[in-house]
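**Q** Taken from TrEMBL, the feature transmembrane segment applies to 23-47, 59-84, 96-118, 138-164, 176-194, 200-225, 237-260, 272-291. Residues or ranges marked as domain 'G-protein coupled receptors family 1 profile' in TrEMBL: 39-289.
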Amino acid sequence: ENNLTSVTEFFLIGFQGRRNIRFFLFSLLLCIICCTLCGNLLIIVLVSTSRSLHTPMYFFISQLSINDILLTLDIVPLMLHVLLRNGAVITFTNCITQFFFFCTSEAFECLLLTVMSYDRCVAICNPLRYSTIMTYGYCIKLIIFCWLTGFFIVTMDTLTLLVLQFCGGKNIIDHFFCDLVPLLGIACSGTYLVELEVTTLGPPVLCIPLIIIFISYTKIISAIIKIPSNISRQKAFSTCSSHLIVVSIFYCSLFSVYVVPTKGQTLTISKILSLVYTVFTPFINPIIYSLKNKDILKAVQKNFLSNP
């Protein structure tokens with residue numbers, strides 16, 4: 001124990017490569033973060049200012065946009081710094097803080113996507129009672145529940161992580177942000193308790209929401225099939241297709257990294273997969289929800305394109 005020096009900072013390697021390749025990645029990610037922030041801010045502004053979008057569905061979409069902005073600001077600025085400098089130093093406190101907010105954001109999104117599927121299920125399966133069930137107060141309670149639950153689960157993981165010891169000569173993280181797996185890989189003390197807690201809490205956090213989403217869409221599909229009008233069926237399905245795409249991208253990327261990683265999976269592949277849910281998902285979410293959404297397109301036209 002006397003030979004263990006307390007670590008005060010880590011060195012993030014990020015993506016190693018030639019300077020021109022790193023500069024290209026830097027420029028690409030900088031464009032993506034700008035588009036991500038603008039796209040999600042646009043949705044938040046539209047939902048806040050357009051009365052036609054004052055519905056539970058768009059309220060939850062705006063909450064997803066807020067979460068995507070928080071996730072982007074937590075991960076991408078440091079990632080850009082790592083690319084530009086071919087590595088970067090991060091203090092132990094900042095590393096744990098980044099890990100905490102990253103995990104809280106991911107846990108919140110898992111729960112929020114579940115709430116959004118429940119909202120669509122009520123809207124399609126029980127349309128006459130939809131307005132009385134999905135009241136504004138109830139929606140607020142659901143969002144608070146998602147944040148508090150994610151916060152509680154991640155706090156437990158973070159406190160367990162703080163118990164680990166890190167050696168002074170083993171503080172290089174081969175990643176572009178402070179994620180759990182790289183941190184466990186450089187720990188000098190035993191990681192059994194952390195791995196046990198992650199194994200105990202991780203699958204339920206991912207799988208229970210996914211099961212609820214599956215049940216919700218089973219009911220939704222059954223209800224849509226019973227709708228006699230083709231136009232009504234298409235309209236009902238179109239309100240759910242965007243959410244299904246977002247759920248598929250989010251869960252496939254998470255499962256590929258944390259649940260079923262292959263033994264031959266290289267660090268480079270792991271980093272690329274991590275980019276999907278840390279950079280690509282927040283970028284693509286506003287595009288998916290707005291590209292074919294007539295209500296949002298009308299709100300854009302009314303607020304920004306109409307003649308004064």
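Here the Cβ of each residue, glycine as well, is placed from N, Cα and C on the backbone.
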**Q** Using a cut-off of under 8 Å between C-beta atoms, tell me which stretch among 96-118, 138-164, 176-194, 200-225, 237-260 contacts the transmembrane segment (272-291) the most.
**A** 237-260
**Q** Do at least three CB pairs under 8 A connect the transmembrane segment (138-164) and the transmembrane segment (176-194), leaving out pairs fewer than 6 apart in sequence?
**A** yes
**Q** Under 8 Å between C-beta atoms and at least six residues away from its ends: which parts of the chain pack against the transmembrane segment (23-47)?
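**A** Residues 15, 53-54, 58-59, 61-62, 65-66, 68-69, 72, 76-77, 79-80, 83-84, 279-280, 282-283, 285-287, 289-290, 296, 299-300, 303.
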**Q** Would you kindly list the residues that approach the transmembrane segment (200-225) from elsewhere in its chain, counting only those six or more residues past its ends and only Cβ-Cβ distances under 8 Å?
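**A** 107, 110-111, 113-114, 117-118, 120-121, 124-125, 153, 156-157, 233, 236-237, 240, 244, 247, 251, 254-255, 258-259.
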